[in-house]
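Below: the structure, in structure tokens.
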Amino acid sequence: MSAEKLEKPWTPSGSLRDEFAAQQSDLRDPVHDTLHRGLKARQISMIALGGAVGTGLIIGSGTALVRGGPLGILLGYSFVGLVCYLVMVALGEMAAYLPHKKGFAGYAARFVDPAFGFALGWNYLMKYLIVTPNNINAAGAVIQYWTRHVHIAVWMVACINLLGVRVFGELEFWFSSIKVVTLIGLLLMGIIIDLGGNPHHDRIGFRYWKHPDGPMGSYLLSRVHNPHLAIFLGFWSTLTNALFAYIGTELIGVTVGEAQNPRKNIPIAIRRTFLRIVVFYIGGVFVIGLLVPRTNNDLFVANKSKTGAAASPFVVATTLVGIKVLNHIINAAILIFVLSAANSDLYIGSRTLYALAIEGKAPRIFRRVNRMGVPVPALLLCTAFCGLVFLNVHSSSQKVFGWFVNLVSTFGAITWMCICYSHIRFMKALNAQGISRDSLPYKAPLQPFGSWFALISTGIITLFKGYDTFIPFTKDTFVTSYIGLPTFLVCWGGYKLYYRTSVIPSDKVDLITGKREIDEEEERFVADEEAKGPQPLRRRIWDSL
């Protein structure tokens with residue numbers, strides 16, 4: 001199909017609202033009062049790392065270890081890591097081809113159905129309205145290891161986002177760099193302790209992988225009265241915990257609107273981010289399984305931990321072998337982890353709301369940005385939701401953490417499934433219009449089977465992730481485990497009924513509009529960089545981090 005035929009975007013037939021037609025006719029990025037392309041590849045990958053490596057590994061792994069055992073947690077995190085990789089490369093293919101400022105909700109609206117994009121956009125926004133207070137709540141749990149006299153609301157810090165994207169990107173780069181150094185240190189510390197480098201000179205080895213501690217957990221054994229079923233339920237629990245842990249890697253799809261030279265930098269950032277996260281997550285849970293028995297009572301377990309329990313298994317590990325002071329240092333580093341993650345999540349939430357407003361799917365006030373390209377109204381609304389952390393006034397931080405984990409994992413899983421389906425539709429549109437995937441700036445491997453596998457796997461985990469709410473039935477955990485599903489369907493169906501939209505045929509998907517402007521912008525950036533002349537070796541190494 002020729003480019004001329006594609007220049008006019010397709011709109012569904014039937015009697016449509018004029019407003020809908022006006023919204024969908026402009027698929028280009030806004031020119032004025034918009035986000036600034038100020039993020040480098042190293043900053044994008046570190047922002048993604050900062051948002052993803054947080055409570056899921058540092059705190060949530062305690063719950064996974066207790067329920068699934070050391071082998072169960074390793075298998076669960078490895079499997080979901082594979083699914084995460086397939087989601088990332090699918091997103092990378094779309095983002096490198098069309099790095100617009102509307103996020104992956106824009107891809108859903110463009111390649112599938114405007115109603116699908118609307119539902120995905122608001123689903124993703126709701127995820128970040130919840131995950132930011134979740135990280136603040138986690139900070140409170142970390143502090144409670146030392147004292148219960150400091151209220152967690154003290155840690156609601158968001159001012160860094162008002163400094164502009166360049167300042168934010170650089171500061172978050174350094175915060176996340178601290179995370180990387182700390183995680184490397186924790187992994188090395190764990191291996192040294194396991195091999196006998198501890199005050200007791202005790203070579204632990206795989207001791208905790210043997211009976212009665214491991215290698216698999218026995219979750220809900222007292223209720224199901226079947227050892228084999230309890231082992232399976234424990235393993236399944238690690239899948240849901242791992243899903244929560246890996247969710248956040250997809251936020252690279254939001255940063256593309258502020259990325260420099262996105263055709264080149266987005267694929268680089270995706271590869272770096274996934275490699276770092278898999279190394280830290282799989283390596284981290286492996287080390288945790290070596291150092292801490294799953295039967296230890298000091299582990300932080302969502303919904304039932306005792307007051308003052310260590311928020312992280314790494315803290316428990318140092319205490320068990322008698323290392324003094326280090327547990328407090330690690331706890332302080334973990335506090336930086338979760339606050340950095342909260343800061344990164346607040347950034348992404350505000351940009352998601354901005355993208356919805358640009359598409360006409362949120363009030364116009366959220367389109368406004370200041371002179372530095374910061375969407376201040378969107379940022380203020382997202383900051384206001386941090387008040388959800390006050391749920392701790394009537395419930396323990398452990399119980400509230402469990403609620404937030406349920407909500408975030410459901411919203412995040414729906415996002416992953418929507419990304420995969422959008423990518424499947426994108427590939428079908430390319431094929432229908434005679435465009436080879438070999439011509440794309442970045443071609444995702446293992447396709448189309450990879451996206452289908454990730455879509456189905458995530459769907460199964462999501463559907464059955466709240467099984468323990470029925471043994472016995474618990475209202476609060478049932479609601480938080482599944483409320484995301486009907487919310488998404490209501491948003492999708494409501495928009496579809498009101499605007500009478502339909503799925504866009506593959507041969508009518510608009511693959512052209514806005515692409516030329518992005519190509520020209522990229523050419524100007526490359527020309528400007530070449531005009532600066534050869535960069536010194538120190539600079540090239542720095543940018544390659």
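Cβ atoms here come from the backbone N, Cα and C positions, even for glycine.
Positions annotated as domain 'Amino acid permease/ SLC12A' by TrEMBL: 44-502.
Here TrEMBL flags 44-65 (among others) as transmembrane segment.
Here the transmembrane segment (71-92) has long-range neighbours at 61, 64-65, 104, 209, 214-217, 231, 234-235, 238-239, 241-243, 245-246, 249-250, 252-253, 266-267, 270, 273-274, 277-278, 281-282, 285-286, 288-289, 416, 419-420, 423, 442, 444-447, 450-451, 453-454, 457-458, 461, meaning same-chain residues at least 6 beyond its ends whose C-beta is under 8 angstroms from one of its own. The feature transmembrane segment is assigned by TrEMBL to 71-92 (among others).
Per TrEMBL, the feature transmembrane segment maps to 104-125 (among others).
Look at TrEMBL and you will find 145-164 (among others) tagged as transmembrane segment.
Positions annotated as transmembrane segment by TrEMBL: 171-193 (among others).
Residues annotated as transmembrane segment in TrEMBL: 229-252 (among others).
Tertiary neighbourhood of the transmembrane segment (273-292): same-chain residues 45, 48-49, 52-53, 56-57, 61, 64-65, 69-71, 73-74, 77-78, 81, 84-85, 88, 180, 183, 186-187, 190-191, 193-194, 204-206, 208-209, 214, 242, 245-246, 249, 252, 299, 313-314, 316-317, 320-321, selected by CB-CB distance under 8 Å and a gap of 6+ residues from either end. Among the features that TrEMBL reports, transmembrane segment is placed at 273-292 (among others).
Summarising the annotation, TrEMBL assigns transmembrane segment to 369-391 (among others).
Summarising the annotation, TrEMBL assigns transmembrane segment to 403-424 (among others).
Per TrEMBL, transmembrane segment is recorded for 445-467 (among others).
Positions annotated as transmembrane segment by TrEMBL: 479-498 (among others).
By the count of Cβ pairs under 8 Å, the stretch nearest in packing to the transmembrane segment (104-125) among 171-193, 229-252, 403-424, 479-498 is 403-424. Ranked by Cβ pairs under 8 Å to the transmembrane segment (479-498), the stretches 229-252, 403-424, 445-467 are led by 403-424. Through the fold, the transmembrane segment (403-424) approaches residues 60, 83, 86-87, 90-91, 93-94, 104, 107-108, 111-112, 116, 119-120, 123-124, 126-127, 130-131, 133-134, 137, 240-241, 243-244, 247-248, 250, 253, 302, 391, 444, 447-448, 451-452, 454-455, 458-459, 461-462, 465-466, 476-477, 480-485, 488 of its own chain, all at least 6 residues removed from its boundaries and within a Cβ separation under 8 Å. If you look at the transmembrane segment (229-252), the same-chain residues 6 or more away from its ends with a CB under 8 A from one of its CBs are 44-45, 47-48, 51-52, 54, 56-57, 60-61, 63-64, 67-69, 72-73, 75-77, 79-81, 83-84, 87-88, 91-92, 95, 104, 127, 131, 216-221, 266, 269-270, 273-274, 277, 281, 341, 344-345, 348, 405, 408-409, 412-413, 415-416, 419, 458, 461-462, 464-465, 467-468.
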